[in-house]
């Protein structure tokens with residue numbers, strides 16, 4: 001089996017094979033070039049990450065930490081990995097890619113040689129087997145005619161007896177020519193037969209076998225290139241494996257049980273001597289009737305002691321019940337953690353248990369505090385019981401002998417004594433009414449304040465599912481607070497408070513069907529918030545946060561989900577579906593929804609558009625009607641713009657749109673962008689697809705999902721993100737620097753889209769090709785039928801230096817003049 005024996009008549013197939021392989025090699029070459037670029041960028045990114053890490057922060061001056069050592073080694077090994085990846089990229093460029101480029105040239109030469117030789121031998125074969133034989137046959141037929149003609153003339157001459165010799169000579173000559181040509185034809189025919197046999201049996205098979213041999217040699221070479229590529233790009237080479245081994249070894253050296261031994265040794269302090277708490281005997285210097293550490297039982301205190309004893313007994317019982325409940329909760333949580341630990345598939349899954357473990361430790365602290373309270377109550381109760389039992393059945397002795405005192409004082413003094421007695425009696429009465437205040441009980445009195453049955457969403461301080469950042473911006477003074485639904489965990493509620501210069505966020509716990517922070521539980525969130533607001537009870541003892549000023553939501557923009565009816569699906573956006581809908585008053589609207597399973601940062605970006613649009617009111621900016629953030633999913637309600645997106649509009653109506661209308665569209669966008677520029681708003685995604693066509697063909701700028709409002713008019717973005725490359729200015733692509741000037745560049749691209757009637761910019765180029773061409777100075781040519789004045793504006797917008805681009809005010813003026821010029 002081979003080319004020579006099986007592909008004698010498959011010239012077209014061989015050529016197609018060579019063409020296909022050349023295209024394949026070009027694809028491989030392009031792939032390798034992109035891989036080299038990708039690896040270089042990856043190496044640069046790794047190095048950049050390491051440079052951004054403050055290595056000094058990982059070094060403790062007086063504390064040896066294995067975690068710190070491990071982290072520092074991770075950074076060092078990541079730098080090493082960066083160097084390895086860079087070296088690999090360079091080796092890939094100088095090795096496989098260079099050889100592949102040479103191989104492509106050689107393969108092109110092989111094809112060229114094959115085509116040339118095949119054409120040559122095929123032409124020779126046709127010449128020998130067809131062309132020359134046809135010439136001989138044609139001459140053969142002619143000479144037969146000439147011979148027959150000479151023969152007839154010779155016969156006529158014989159019959160007439162005239163010029164016989166001359167006619168005979170002509171006849172002999174014609175016969176000789178024919179016989180000689182006959183011999184030539186016989187020889188040529190023999191040669192043609194042999195040539196054809198040689199062509200099909202030897203010459204052509206030899207050529208095809210030669211091609212096959214070179215094809216196979218190139219496959220062998222390509223295999224070698226692939227092998228080099230595989231080895232160079234392998235992520236399991238010894239040097240890369242060693243990097244990860246070093247990291248793994250450093251991680252394994254982390255021992256949680258000994259991590260803080262050195263820290264303890266360095267910062268160890270001697271135990272402070274406990275302060276002795278004793279009765280201050282100086283209090284008794286002016287009174288002889290009271291005794292240190294003795295409960296006074298007399299006619300003034302007997303009743304109150306009974307009440308205090310009863311209260312302490314109740315408190316002790318309540319504390320013991322709570323203690324049993326907490327201890328059971330500790331055991332239950334320990335069991336749950338143990339079960340969860342057994343199901344962990346990865347070591348890092350332990351992170352998922354940290355919250356439960358922290359809750360367990362807090363429970364244990366609560367148990368210890370309750371035990372302390374139990375011991376304190378038991379000791380106080382025992383002291384009271386001892387005194388009461390000692391005097392059981394006895395009549396309480398009087399404190400003061402009034403008859404004796406009456407003989408030694410005046411009537412005025414008696415009144416003063418009686419007044420003092422009354423004050424003492426009233427004080428004791430106060431003690432009897434609130435014995436816990438005397439005993440310093442740690443148990444809190446559950447004082448539930450009725451707040452009605454209004455749903456949570458109807459309370460002004462409830463802001464729904466607004467982002468954490470937006471909530472923080474609303475909190476400005478001590479005690480400012482609001483409640484919101486967690487963005488990251490729908491269904492979980494958070495109290496956000498400004499306290500002591502910080503914005504604090506407390507998750508509202510829901511346990512045993514009660515809402516609480518760490519104290520009293522309530523059946524709903526409004527009761528919980530109202531209790532802490534009215535009583536000024538701290539949210540947690542550790543934080544000491546007190547609620548002072550409820551921050552009301554902006555009712556102008558807030559709508560309830562029930563106020564909106566969803567209609568037909570209009571399309572899908574970056575964050576979720578977009579629906580047509582109506583408000584209660586039948587106003588048609590567009591409803592943007594946010595998927596509930598989106599990452600937290602994308603949900604924040606979703607609401608960023610509404611936050612920006614709240615501030616704007618302009619006929620060429622799409623209007624915000626409101627937001628529904630009271631529950632998930634979150635909605636943004638916009639005005640319904642009936643004409644749809646501008647890009648689709650251009651493509652559908654391209655045959656009927658006049659030049660003046662296109663200039664009007666451009667003027668509308670310029671007016672809208674001029675307004676945004678005055679508000680220091682950077683759109684960052686200006687394009688035909690992000691504009692909407694309203695009534696009377698008024699164009700409105702939409703889709704502010706990437707927009708930013710910056711006081712300085714410049715926004716810096718870092719990180720790898722999906723950006724509209726063909727619409728984005730070079731400085732934004734290269735350095736993440738966005739400004740009104742970068743919006744002007746995008747406006748120039750939008751102008752090109754408008755006057756090309758919806759053609760994609762940089763036609764025939766990929767994003768990367770367009771980016772590279774722009775860097776080299778390339779700019780798109782004018783669309784067909786585009787006015788020269790408009791194309792001049794485009795070129796101004798595409799100036800490489802941002803400071804040289806026109807302002808939107810200038811663009812608006814120039815387009816106004818152009819509009820007047822066009823009839």
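For all residues, glycine too, the Cβ spot is worked out from N, Cα and C.
Listed in Swiss-Prot for this protein:
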type     : residues                                         : note
ACT_SITE : 685                                              : active site, proton acceptor
BINDING  : 570, 571, 572, 573, 574, 575, 576, 577, 578, 592 : ATP binding site
MOD_RES  : 402                                              : phosphotyrosine
MOD_RES  : 434                                              : phosphoserine
MOD_RES  : 616                                              : phosphotyrosine
MOD_RES  : 715                                              : phosphotyrosine
REGION   : 389-408                                          : region 'Disordered'
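Feature map: Swiss-Prot annotations on the structure.
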| residue | record | DSSP class |
| --- | --- | --- |
| 570 | ATP binding site | strand |
| 576 | ATP binding site | coil |
| 616 | phosphotyrosine | coil |
| 685 | active site, proton acceptor | coil |
- Message: If I restrict to non-local contacts, at least six residues apart, and a C-beta distance under 8 angstroms, what lies near residue 576 (ATP binding site) in its own chain?
- Response: 592, 593, 594, 595, 598, 606, 633
- Task: Mind giving me a neighbour count for residue 570 (ATP binding site)? Other Cβ atoms within 10 Å of its Cβ, every protein chain shown.
- Result: 17
- Message: Between the Cα atoms of residue 574 (ATP binding site) and the residue listed as 'active site, proton acceptor', what distance do you get, rounded to the nearest Å?
- Response: 13
- Of all the recorded positions given, 572, 574, 685, which residue's CB has the most CB neighbours within 10 A? 685
- Under 8 Å Cβ to Cβ from residue 616 (phosphotyrosine), same chain, six or more residues apart: give me those in sequence order, or none if nothing qualifies. 624, 675, 676, 679, 681
- Task: Would you mind pulling the longest C-alpha to C-alpha span across 570, 571, 572, 573, 574, 575, 576, 577, 578, 592, which the record has binding ATP, in angstrom?
- Result: 14
- Under 8 Å Cβ to Cβ from residue 578 (ATP binding site), same chain, six or more residues apart: give me those in sequence order, or none if nothing qualifies. 569, 570, 571, 572, 590, 591, 592, 593
- Message: Name them in sequence order: residues not among 570, 571, 572, 573, 574, 575, 576, 577, 578, 592 whose Cβ is within 8 Å of the mean position of the Cβ atoms defining the ATP site.
- Response: 593
